[in-house]
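Residues or ranges marked as domain 'ABC transporter' by Swiss-Prot on the basis of sequence analysis: 4-234. Annotation source Swiss-Prot lists ATP binding site at G36, P37, S38, G39, C40, G41, K42, S43, citing sequence analysis.
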Amino acid sequence: MAPINIVDVKKNYGSVPAVKGINLAVADGEFIVLVGPSGCGKSTLLRMIAGLESITGGRVEIGGRNVNKAEPAERDIAMVFQNYALYPHMTVRGNLEYGLKNRGTARAEIDRRVKEAADILEIGPMLDRKPRELSGGQRQRVAMGRAIVREPAAFLFDEPLSNLDAKLRVQMRVEIRRLQRRLKTTSIYVTHDQLEAMTLADRLVVMNGGLVEQVGTPVEVYDRPASLFVAGFIGSPPMNLVPIEVFHATESGGTLALPEGTDMVGLRPDALLLEKPAEPSIRLNAIVELLEPIGGESHLHVRLGEGQQTIVLTVQGRPDFAESARIDVFARIDQMHPFNSRTGRRTD
């Protein structure tokens, strides 16, 4: 286990900046998730930490040691890839042993580590099988086992669940979190899936355009997004972002004082109500456009007033609303998020 420090790290491809001066301190044993859309720089940053990409500027420290010029094998990290990266001609046991044999590890120590990893991941019965005989989830367990036997200072995960179906992703997500808590190994995990990020992370690092938009626990990022980008990216459905003039044109029944510079109001779908709450709130006049049942709850799409601005509510059950019905939607004042569209940042 070891802390990882990323200090003003930059990466340019020719004259094009991909990572624009990132600073991040990862504590010993912490599980950090880098999340953002394709092209935001998260995988590039991970590859620079791993030593698979050169660094244009700044430095990476693992366990207090500057590793900018160290080869990947010298950084004491283990990486789990999206495509498993298993040797198809070797058995599971052979895949687990391979790196240890290359480093000259004693036979007894190899056997101990392989058995321990197999027990942790419940792949003991598969040790004599080839990768082609395994399911996608089993192959990913073997890939994680290969990382575990190294007993590294840190794990790096590069979208390891992207190739799995939805059910397996949920299962493997739980297994990865349980594994990291058991081993207490410093981990950095890359994903574009914000649900995956929210459920795995001790802290999220939300990236956009080669920059860090926000760092915080999943609850902090969800409850208080620092920017319009984070507000629109974290959460499913994403936060409704309503221009202040549209908001004022359709609101009634309350007094709303917003911080200076606010020209955009953010409203979480699960914070909007169909009945007036006891807490201070604003009533919005709306017209029903679409109801999407998704099991025990529904997504209700409504248009505000007579304009074109639509918002989404998450409601329990399947309310019986006719299309184009006029309804009232209530927004609690203490759950509104004020933003400035020019700066893209919160105003409170």
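In case you wondered, yes, glycine gets a Cβ from its N, Cα and C as well.
Each of T44, H192, M207, N208 belongs to the same chain as G36, P37, S38, G39, C40, G41, K42, S43, is absent from that list, and has a C-beta within 8 angstroms of the C-beta centroid marking the ATP site.
Note on S38 (ATP binding site): other Cβ atoms within 10 Å of its Cβ, all shown chains, come to 7. DSSP assigns K42 (ATP binding site) to a helix. Regional average pLDDT for the domain 'ABC transporter' (4-234) in the model is 93. Cβ-based crowding with a 10 Å cutoff singles out G36 as the top-ranked of the binding-site residues G36, P37, G39, G41.
The 10 Å shell around the Cβ of K42 (ATP binding site) contains 28 further Cβ atoms across the protein chains shown. Within the same chain, residues at least six positions away from S43 (ATP binding site) with a Cβ under 8 Å of its Cβ are D158, E159, V190.
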